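Structure first, then comments.
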Amino acid sequence: MSASSSNGLVLPFSISRLQHDVEVGRSSTKVDADNDDYGQVSSPPGPFDIEHTKNASIETLKRWRQAALVLNASRRFRYTLDLRKEEDKEQRRRMIRAHAQVIRAAVLFRLAGERQIGVGPNATPPTAIGDYGIVLEQLASMTRDHDFSALQQYGGAKGLSNMLKTNIERGISGDETDILKRRNTFGSNTYPQKKGRSFLRFLWEAWQDLTLIILIVAAAASLALGMKTEGIKEGWYDGGSIAFAVLLVIFVTAVSDYRQSLQFQNLNEEKRNIQLEIMRGGRMVKVSIHDIVVGDIVPLNIGDQVPADGILVSGHSLAIDESSMTGESETVHKDQKAPFLMSGCKVADGVGIMLVTGVGINTEWGLLMASISEDTGEETPLQVRLNGVATFIGIVGLAVALSVLVILLVRYFTGNTEDADGHVQFIKGSTSISHVVDDIIKIVTIAVTIVVVAVPEGLPLAVTLTLAYSMRKMMADKALVRRLSACETMGSATTICSDKTGTLTKNEMTVVEAYAGRKKLDPLNDSSQLHEVVTSLLYDGVAQNTQGNVFVPKGGGDVEISGSPTEKAILLWAVKLGMKFDVSRSESTVLHVVPFNSQKKRGGVAIKRNNSEVYIHWKGAAELVLASCTRYVDLNGQFQPIEEEKDFFKQAIDDMAARSLRCVAIACRQHDLDGIPADEESLDKWVLPEDDLVLLAIVGIKDPCRPWVKDAVKVCVEAGVKVRMVTGDNIQTAKAIALECGILGPSDNASEPNVIEGCVFRALSEKDREQVAKLITVMGRSSPSDKLLLVQALRKGGDVVAVTGDGTNDAPALHEADIGLAMGIQGTEVAKESADIIILDDNFASVVKVVRWGRSVYANIQKFIQFQLTVNVAALVINVVSSVSSGDVPLNAVQLLWVNLIMDTLGALALATEPPTDHLMHRSPVGRREPLITNIMWRNLIIQAFYQVCVLLVLNFSGKSILKLNDGTTHRATMVKNSVIFNAFVLCQIFNEFNARKPDQINVFSGVTGNHLFMAIVGTTLVLQIIIIEFLGKFTTTVKLDWKQWLVCVGIGFISWPLAMVGKLIPVPATPLATYFVKPFRRWRRA
């Protein structure tokens, strides 16, 4: 239940009070200009006039809900953010910090019988004894209390690792027996999940609808009166049939909602299953976060999530963001004096290696996760807008129902209402009270049922249904959705700012060219061309200035290399040259590390060789490192001034970049031993010198384009989505890859501002950036802050921006963009948490598939709206006209409930699960302020509703003569006529469901057989309708129809097909129809 939920009617009294609020949506100049073209008057937006809901405040969420007409709040807002739960989560977080030990004991006690702490449901609970030198409680106590003195008693990290039988250099052995023993002794890195809501809970929530409750009460009263007046055998039909219809609606609604809930649970599981690399048996292995055990050695890099509680073994400039646990925003520096690491925190800076000391429920993070349930709810823009549509239709429906109620009651008590045999139903003084009460209950039931049909609770829920379906299908297309709203917003994307490496390219890097000593190495892997001074320094720089690792199997076999793709390529090249990784590392000691920085485009390390010589090694962007070099090593091992040779090296870099190679330079410099900071604290803050470097080598790394990326870019261009490449690589490399991918055409202008460097863009004024941003196709040598500036400039210009990112520094741009897309393979945990969608295979083609699904979500909702509004309009008009003219309605309560079921749940299920088609990618993106109901939809809706109303009203007033029913009794003729009207009405909806599939295409049957769910729902509805008419007449107050009458009904429904085809030939105006209605209203509001 959401904080705003209540069982009852929430009227939109706050609408008039809502003033302009920037949180409701940004307005751009572009939009205002468009509005002026339509002759609109600028005015404060209404509560449902929103552009995006990303990062909306709690206050805004509350206002959206207060402004909605809701008959069943617990159902309407089920999949939106639970506001009360968010506050509870923060309170629990604070409480766990204060009372972790007590809470853990309580959780352990509660779970003792369930045996949930372990590998699985049947796992053995952690024991306090075993083969290790320390027991679970000692470890948990030390880590929880950050007890440094206890750690020293155990002998520090080295002594503790010995107690846990862990080799600090090589990790645990990693065999199944060892891992199982550790799990049984210290627990597994899982925590008991709060169980999702049961099916009975969904039944209860579906029951909360105010109108359904009134109908049940009316059914109970009708049942009692019917049995009293007509006896049990015949008197239970009226009340019983309404009760059964209501229960059927509740059951089908609950089943639909329960299925969606299970889909969201599965997606949450996928989000929690983080993959990371750890050291086991001397090699780096990729495991799930749930497979980590106490004793594991885990390398930590910028952007990683700390996967368990532990202590720091070694690290350089390691800073941890502990705000997820402590609430403090400042980062905490970790070193040998403050070595304790908490699970769930993020690495903000530096590198480190940790020894795992606590997992799962034995960590504060585990306690927190076990005590709260993850709430994926959020308001999506479509949900908010559809709440507005539902509210408007609901108010109209309420007005209509109230009018019908008043008219029927007035007609009844004035003696103008006749029964099926033509007798007056109410005669003052002679009609018994029980008959009067029974008749009034029937009238109230009809009015309430009209409200059920008129208030489309299913509209906002149809969004959730189509999103749940799309999210499941997108997983198969390698896209994991973290925020629901991103699904639909992606359909409006006008530009995609894409990374190059790994997204447009394969991320399979190989060194294909190298320069050393002013000479191009040929063959590439022949170290005999190099002097031993060069190879010695080069091996040191490559082996120590890396976060990668080289594992050589003892029994021979291929060398295993881990690390980033760039590091793997350079390490492999050095190994082929003859580098012995372990030997090179053992010949020197690391003093200080500066991890690769995307701002400076380089990373460095200070090492002390065994002969006490100190060297500082740098590796990074070739032209930037080259600019810091004053010398190079020639083929004789001599250090030579570089000034005269700089042009040679620059030309070499440009030549490689023009062939789309990534250029990396490796350089070093000697440093005075006395100039090294003596104490650990000063060493940690030491800024490594970056000048006066000696160039050792420049390598060209090939990363080929992905095979289908050119086609994917072409699809985007045809769909009106501009693809921009934003890369940290050399501008020449970026340009070459852009031409290869089709982002730049052969005839395109490849100069500024079309192709621009990050530093040039950064230097522009804010106004100029906004102008230039629209023209940019390729940005090279960009930093994460440049990417953020580009996103901001594009959004100010009215673009809906999707941006890809993988690094921690990309987080602000991912957060700022309308849709943030993080890379699943190369992306850091910080980037993934800031993103809306995770691209699991890092492939640009998957990004384009997300655009297709986004457009499909929007299109499917529009199909459902068109279908539902047609039913709404037709049902309301028929009942109102009939009640005013004859005092009776042709569609009774049970029949309307069946129509409501077809319309709400089954209709949503059929139309909301239409798969995306190529046709969606041949039209422009949907604008942020484009009306939800387009002119094409209005045209289709009016044609179908007008046709249904006309035909059914003709049948209602002249049906007896048209159908030649004058032979039998009046009662029988009326029953047959009403049965034909009901049957024809339902068949019209079944036929119209096909029309709704393709609102703007004449052929509504293309691809219909491929959508098995649609065919199954339509088939089931038809079969059930036949059963209702032929066998359940007593429940629905219908009679059996002969084959001629069936033919008439089918014919009436069938005509809607050719009618729809002809209707689609009618042109529609470009100006949205809603504009003409909204303009006077806005003028009034402004006044």
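Glycine too: its Cβ is placed from the backbone N, Cα and C atoms.
Annotation source TrEMBL lists region 'Disordered' at 26-48. What TrEMBL records for 147-227 is domain 'Cation-transporting P-type ATPase N-terminal'. Annotated transmembrane segment per TrEMBL: 202-224, 236-255, 389-413, 440-469, 936-955, 975-992, 1013-1033, 1045-1078, in sequence order.
Within its own chain, the transmembrane segment (236-255) has Cβ neighbours under 8 Å at 75, 199, 202-203, 205-207, 212, 215-216, 218-227, 442, 445, 893-894, 897-898, 900-901, 904-906, 1034-1037, counting only residues six or more beyond its boundaries. Below 8 angstroms of C-beta separation, residues 420, 867, 870-871, 874-875, 878, 890-891, 895, 898-899, 902-903, 907, 944, 948, 951-952, 955-956, 959-960, 963, 965, 1018, 1021-1022, 1025, 1029, 1033, 1036-1039, 1041, 1045-1046, 1048-1050, 1052-1054, 1056-1057, 1060 of the same chain, each at least six residues beyond the ends of the transmembrane segment (975-992), sit close to that stretch. Along the domain 'Cation-transporting P-type ATPase N-terminal' (147-227), the predicted structure has mean pLDDT 83. Break the domain 'Cation-transporting P-type ATPase N-terminal' (147-227) down by DSSP state and the numbers are 52 helix, 3 strand, 26 coil.
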